[in-house]
Amino acid sequence: MVDAFAGTWKLVDSKNFDDYMKSIGVGFATRQVANMTKPTTIIEVNGDTIIIKTQSTFKSTEISFKLGVEFDETTADDRKVKSIVTLDGGKLVHLQKWNGQETTLVRELVDGKLILTLTHGSAVCTRTYEKEA
């Protein structure tokens, strides 16, 4: 099931990203740049290891993990978080915890597109990616 997520995905639509970034504490200047950026996400599956690379002119990140195993992550906005990713009903659910807070990043495939839903408290952002050929 995870194999379906593999590929190179380009951001084509983003809703409420600024509200989400404000909610997790991202500063004004960083939000301005991040809002203008159209990142590419590359998802690779290598046995039981999943690699997610996010590349943009703003910042590039890479995480490597196994489903259900907690790992340390430094986010694009430099938060140091404890993360765990699980597969739940065909969705990749990524939970990040830091300083008594938590946020979820849920990736799901809908009509051939990758939908990323970011949630922190009442802030909900939806980012839509299309697969590159």
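Every residue gets a Cβ built from N, Cα and C, even glycine.
Here's what Swiss-Prot has on this protein:
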type	residues	note
BINDING	ARG127, THR128, TYR129	octadecanoate binding site
BINDING	ARG127, THR128, TYR129	hexadecanoate binding site
BINDING	ARG127, THR128, TYR129	(9Z)-octadecenoate binding site
MOD_RES	VAL2	N-acetylvaline
MOD_RES	THR8	phosphothreonine
MOD_RES	TYR20	phosphotyrosine
MOD_RES	SER23	phosphoserine
MOD_RES	THR30	phosphothreonine
MOD_RES	SER83	phosphoserine
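Feature map: Swiss-Prot annotations on the structure.
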residue : record                     : contacts (Cβ under 8 Å, 6+ apart)
VAL2    : N-acetylvaline             : VAL45, ILE50, LEU67, LEU87, LEU92
THR8    : phosphothreonine           : THR40, THR41, ILE42, LYS131, GLU132
TYR20   : phosphotyrosine            : LEU118, THR119, HIS120, ALA123, VAL124, CYS125
SER23   : phosphoserine              : HIS120, GLY121, SER122, ALA123
THR30   : phosphothreonine           : MET21, ASP77
SER83   : phosphoserine              : ILE63, PHE65, GLU70, PHE71, ASP72, GLU73, HIS94, LEU95, GLN96, LYS97
ARG127  : octadecanoate binding site : LEU11, ASP13, SER14, LYS15, PHE17, ILE115, LEU116, THR117, LEU118
THR128  : octadecanoate binding site : LEU11, VAL12, ASP13, SER14, LYS113, LEU114, ILE115, LEU116
TYR129  : octadecanoate binding site : TRP9, LYS10, LEU11, VAL12, THR41, LYS113, LEU114, ILE115, LEU116
Completion exercise
In three-state DSSP terms, THR8 (phosphothreonine) is classed as strand
Exercise for the section: Compute the centroid of the Cβ atoms of ARG127, THR128, TYR129, then list the same-chain residues not in that set whose Cβ lies within 8 Å of it, in sequence order, for the octadecanoate site. Expected result: TRP9, LEU11, VAL12, ASP13, SER14, LYS113, LEU114, ILE115, LEU116, THR126, GLU130
